[in-house]
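Notes follow once the structure below has been shown.
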Amino acid sequence: MAGARNISPSPPGKRSDLEMLVDARSDTLRNFLANLHDVLLGTKLFPLFPVVPLAIAASCFRFGQAWVFSLSLIGLVPLAERMSFLSEQIAYYAGPTVGGLLNATCGNASELIIALLALHKDKIGVLKWSLLGSTISNLLLVLGSSLFCGGLANLNKERQFDRKQADANLMLLLLASLCHILVLTYCYAVKNDIYLVDAISTLELSRTCSIAMLVAYIGCMFFQLMTHRQLFESQVEEDDIVSDTPVIGFASSFAWLVGMTMLVAILSNYVISTIEAASESWGMPISFVSVILLPIVGNATEHAGAVIFAFKNKIDITLGISLGSSTQISLFLVPLTIVVAWIKDIHMDLNFKLLETGTLVSAILITTFTLQDGSWHYMKGLVLLLCYVVIATLFFFYQTPLDHVYVAPMEVNGYQ
């Protein structure tokens, strides 16, 4: 009995180490499950997440390459949307400037990864076609469908938009089109007997234009985030903001973003590796798959968001999505790949060939003239959509030989 009297419960205010350890593990597990719910189940695209492991399994077990391509392409849709969500979560902690830069970078992360992987595999044709297709898709398909659907849904409402934001993006897109036209016309104007000199001068011109485009993009970011930030935030109303507080913590957001980026890189590698086999299996030109199919899937989330805002008669946000994404691809991704190719000593220039350059410039000019009066209605959207249909038909019949897809590294007597 004496021994029993010596056994006393712990003081009311103290807890044993075992209880604290169990509670800590429970809190960690609870936080993980909460993050898992917010990241994976917090999107309407969550039914597509099982496609990601299916694509990896299809590649590991050597299913048909067309199946690997299809599953990988579908799996990129929810991953790209979640990367955008996670970048927004980090932006809450990083501040408006760093957050804006991060959002701009992650907005087209899948296109950037696909472009860099295509460059690594020397598939310059696929690289150029995919970037071209992403720009055209945002200008004609995304914007056109938004104007068309939003115009039909808001027939009796005022249909004006603030031109300041649109003019800033269109001005940069015209600069990009000028650089492409100059390189193309230079290649046709300069006809030297020695091809090597012509190739080197074309590369030097392309790299100079690329640096100018990157400087313009950096200036645009400084313009948007620092000196004239009010022009780009005045159109966002309070009901457009879902929450003023982050859903998950900074460390969790960063960890999830790294994981999502790795999955995007894996699936993008599958896409680039199997695109020729898929093109042959489906009986479609590889140019059509690269210019039309890849961007449609890659821009699916942006497309949906732009159309939803147009339905709500908030066309300024729609223009910010479509034109902003096109500007980032033309003024950042394209010159960035030129610079990376320069570092890797790969022959890549801004000459997208006559047909591709004409298509790009036409899309930019059509969009510019469509938005010049500051008004919008469904007829403008219909015209943009029909332009996209015509371009898609063009590339469906545009047969290109396989050697236009690959470009070997330069061998120019020590030229860098």
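Glycine is treated like the rest: Cβ placed from N, Cα and C.
Predicted automatically and left uncurated, TrEMBL annotations should be read as such.
Listed in TrEMBL:
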TRANSMEM  54-80  transmembrane segment
DOMAIN    66-226  domain 'Sodium/calcium exchanger membrane region'
TRANSMEM  100-119  transmembrane segment
TRANSMEM  131-153  transmembrane segment
TRANSMEM  168-189  transmembrane segment
TRANSMEM  209-227  transmembrane segment
TRANSMEM  247-272  transmembrane segment
DOMAIN    253-396  domain 'Sodium/calcium exchanger membrane region'
TRANSMEM  284-311  transmembrane segment
TRANSMEM  317-342  transmembrane segment
TRANSMEM  354-372  transmembrane segment
TRANSMEM  378-398  transmembrane segment
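Residues 31, 34-35, 38-39, 42, 52, 55-56, 59, 68-69, 72-73, 75-76, 79-80, 82-83, 86-87, 89-90, 93, 106, 109-110, 113-114, 117-118, 121, 123, 126, 294 of the same chain, all 6+ positions outside the transmembrane segment (247-272), place their C-beta atoms under 8 angstroms from a C-beta of that stretch.
Here the domain 'Sodium/calcium exchanger membrane region' (253-396) has, by DSSP, the following mix of helix, strand and coil residues: 120 helix, 2 strand, 22 coil. Sequence-distant residue pairs (6 or more apart) of the transmembrane segment (209-227) and the transmembrane segment (131-153) include fewer than 3 whose Cβ atoms are under 8 Å, leaving the two stretches without contact. The list of residues near the transmembrane segment (317-342) in space but at least 6 beyond its ends in sequence, with Cβ under 8 angstroms from a Cβ of it, reads 104, 107-108, 111-112, 115-116, 119, 124, 127, 131, 134-135, 138-139, 142-143, 146-147, 150, 161, 165-166, 169-170, 172-173, 175-176, 203, 206-207, 209-211, 213-214, 216-217, 220, 232, 235-236, 240, 299, 302, 305-307, 309-310, 348-350, 367, 371. It is 378-398 that, among the stretches 54-80, 354-372, 378-398, forms the most Cβ pairs under 8 Å with the transmembrane segment (284-311). Counted over residue pairs 6 or more apart, the CB atoms of the transmembrane segment (354-372) and the transmembrane segment (54-80) come under 8 Å in fewer than three pairs, which marks the two as apart.
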